[in-house]
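Right, one structure below, let's go through it.
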Amino acid sequence: LVRFPEDLEDDNTTFNPEYSHQVFGDDEIAFGYKGLKILLYYIAGNLSTLFRIEYTSKVNEKFDCVEADDVESKIREIIPPGFCTNTDDFVSLLEKEVNFKPFGMLLHTYSVHNEEAGEDITYQIYKADMTCPGFREYHERLQTFLMWFIETASFIDVDDERWNYFLVFEKYNKDGATLFATVGYMTVYNYYVYPDKTRPRVSQMLILPPFQGEGHGAQLLETVHRYYMSSPTVLDITAEDPSENYVKLRDFVLVKLCQDLLCFSPGKLMQGFSQEMVTEAQQKLKINKQHTRRVYEILRLRATDMGDAEQSRSYRLDIKRRLIGPYKKKQRELAKMRRCLRPEELTNQLNQIDLNMQHEQLEESFQQLVSDYRRVLERVAQA
C-alpha cells in the first residue's frame with residue numbers, strides 16, 4: 001500500500017497473501033518459472049494499481065517441451081482493467097492522491113495510539129453505495145483483496161441495490177495536506193423478512209493486513225450494529241458463514257453492547273437464560289436469539305464464582321444442556337432405528353454412537369467454550 005514514492009522500494013511495507021488457491025489452484029503453484037515474483041502495488045487511498053511480474057528464467061515450449069503457466073492472465077482475471085504496468089505512470093497517479101476523499105456518509109470517528117509514531121492516529125468509518133461517484137470503480141479494486149485474504153471469497157453483484165458498504169479509512173498528513181488511506185471494509189446484504197422488516201446479513205469483512213490487530217474490526221462491527229439499531233424496520237443482524245475469527249470478534253462486540261442491559265444484571269444471569277434477554281437484545285440491539293444465548297453464557301461466566309462448587313456445577317450443567325442438543329437428536333434417531341432396522345444394521349449404528357465418547361466430546365466442547373469465553377471477557381475488561 002503506497003503513500004510515498006519511496007514505499008515502492010521499501011520491503012517493510014510488503015505483505016503476502018494468506019491464500020492463493022482461488023487464483024492458482026489447490027496446490028497454490030505457478031509452474032514454469034525460477035525466481036518468480038508477482039508484484040501488486042496499490043495507492044493507499046483510491047487503490048489505483050501497479051502490476052508487475054519478475055523472474056530470472058522461464059521454461060520454453062520449444063526447448064523444454066512444456067509450457068509455463070500464464071500468470072499474467074490469472075491475475076488479470078481478478079484485477080480490473082486500467083491498472084499500471086509502468087512505475088512512472090503509477091507515481092504520477094500517486095501525486096493526484098491528495099484529491100481522493102472517502103465515499104458516502106461519515107458514521108464514526110475514533111483514534112488509536114500508535115507506539116511507533118508516538119501519537120494518536122485518527123480513523124473514520126463511512127457508509128457508501130453505488131450511487132456515490134467513483135465508488136463502483138474503487139470497489140472493483142478493493143474487492144481484489146478478498147481473493148488473497150478470505151478463504152472462500154467471491155465477488156458480489158454490485159447491481160443489486162440491497163447491498164450496503166461500510167468502509168474504514170485512516171487520516172494522515174503528507175506535505176501539509178490531509179489524505180486518506182484505505183484500512184478495510186464490510187459488505188452487508190439486506191434480506192426481506194415478511195411482512196415489513198429486513199434482516200441485514202454480514203457477507204464479507206476484511207481489515208487489510210498492515211492494520212490488523214489494532215481494533216479496527218471491532219470498531220467497524222460495532223459501528224455497523226449501531227447504524228442498524230436506529231432503524232425500526234430491522235429485525236436483527238446475522239452473518240453469512242462466519243469464520244472462527246469473526247465469531248470471536250462478534251462475541252466481544254455483542255458482550256460490550258449487552259453488558260449494560262438490565263436483563264443481563266448478575267442477579268438475572270444467575271437465574272438462567274430467559275425470554276426477557278431475547279426480547280430486549282433484539283428490540284434494543286438487533287441481536288438474534290442464538291447470539292443472545294452466547295452473550296448470556298459469556299456474561300454468566302463473569303458473574304459466576306468458578307471456585308464455588310455449587311455455582312460452578314450450575315454453570316457447567318446449564319452450558320452442557322445446550323451442547324447436548326445434537327447428541328439427544330442422535331438418541332431420538334437411534335430410537336427410530338430400533339423399531340425399523342435389522343439387528344446387524346442396528347449394531348453397526350450403535351458402534352457409531354459410543355456414549356463414553358459422547359461424554360468426552362461434551363466435556364471437551366465445554367472446556368473449549370470456557371477458554372474462548374474467558375478471552376472475550378479479558379478483552380472486554382481492557383476495552
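Note: Cβ is positioned from N, Cα and C throughout, glycine not excepted.
Within its own chain, E240 (active site, proton donor/acceptor) has Y189, R201, V202, S203 as residues 6 or more apart in sequence whose C-beta sits under 8 angstroms from its own. As annotated by TrEMBL, active site, proton donor/acceptor applies to E240.
Here TrEMBL flags 1-151 as domain 'Histone acetyl transferase HAT1 N-terminal'.
Marked as domain 'Histone acetyltransferase type B catalytic subunit C-terminal' by TrEMBL: 250-301.
What TrEMBL records for W163 is site 'Interaction with histone H4 N-terminus'. Remark: W163 (site 'Interaction with histone H4 N-terminus') has D129, M130, I156, D157, T187, V188, Y189, N190 as non-local neighbours, by Cβ distance under 8 Å and separation of at least 6 in sequence.
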